[in-house]
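Visitor: Let me give you the structure first, and then I'll get to my questions.
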């Protein structure tokens, strides 16, 4: 069975409370339950991880990539400047789908650039928390095709 990591970056632990007009009212716990349910329907295993610390996210990738078939990541604020996270994702040579709940291209100028996008097979942005579920379906198809 394929195993996919779903990584939530900084401040995503505050979903449901943080700027609900931008990110909605679902808590991270509820989002994770939806992810687990969809993964079960798709017959894949998911490892869900959240950290507010760049190094912990990189360590998680390093420590787990050999058991993974792909990575779904919402890097949060790390999207715009974390070359170290970008390099960690590139180094493990797995398909990566980048997810953003809000449309980063409709927000402040500094949010328009993603350093992660260049190592991702695709990016889902602005479709709310459903973006995680679309990413699961996409990564399953990418893994089946074996090309990324």
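Backbone N, Cα and C atoms are what each Cβ position is placed from, and that goes for glycine too.
Pulled the feature table from Swiss-Prot, pasting it below:
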type	residues	note
SITE	18	site 'Transition state stabilizer'
ACT_SITE	23	active site, proton acceptor
BINDING	74, 80, 87, 101, 102, 111	substrate binding site
ACT_SITE	100	active site, proton donor
Visitor: Rounded to the nearest angstrom, how far is the Cα of residue 101 (substrate binding site) from the Cα of residue 23 (active site, proton acceptor)?
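Guide: Their Cα atoms are separated by 6 Å.
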Visitor: Among the binding-site residues listed here, 74, 102, which has the most company in the form of other Cβ atoms within 10 Å of its Cβ?
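Guide: Neighbour-count leader: 74.
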Visitor: C-alpha of residue 74 (substrate binding site) to C-alpha of the residue listed as 'active site, proton donor': distance in Å?
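Guide: The separation of the Cα atoms works out to 6 Å.
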Visitor: Using a 10 Å cut-off on CB atoms, tell me which of the recorded positions 18, 80, 100 is the least crowded.
Guide: 18
Visitor: Say you check the Cα of the residue listed as 'active site, proton donor' against those of the recorded positions 18, 80, 87; which is nearest?
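Guide: Among 18, 80, 87, 80.
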Visitor: Would you find the one among the recorded positions 23, 87, 101 whose Cβ has the most company, meaning other Cβ atoms within 10 Å?
Guide: 101
